[in-house]
């Protein structure tokens, strides 16, 4: 009897570890104007913009948003820098990422109107 209980506990523990690992591997993606980026990349974009100020000379020389010149820009955001509308796309992505009702943030996608 004790061995069955131990086996049941072990099975529950394995299932719990599996669920935690599975949840960690799933990413939330935002698709906007043909670009597909991870939510965590957009959040990193906001962090990069807040901590990095490029030189005024660099800003004057480049039509791209200044964050496009940051070496830590996530790879999935880099193609956006090639677009003429990069600044407005980055702004839209930040807006979408900041609004829970724009994302399916819970399993049932409920709670937003």
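The backbone N, Cα and C atoms fix where each Cβ goes, glycine too.
The Cβ neighbour count for residue 68 (disulfide bond), using a 10 Å radius over every protein chain in view, is 18. In the three-state DSSP scheme, residue 68 (disulfide bond) falls into the helix class. The feature disulfide bond is assigned by Swiss-Prot to 68-81 (among others), with similarity to another entry given as support.
Marked as disulfide bond by Swiss-Prot on the basis of similarity to another entry: 101-109 (among others).
As annotated by Swiss-Prot, disulfide bond applies to 104-112 (among others), with the evidence given as similarity to another entry.
The signal peptide annotation in Swiss-Prot covers 1-27 and is backed by sequence analysis.
The Cβ neighbour count for residue 81 (disulfide bond), using a 10 Å radius and every protein chain shown, is 17.
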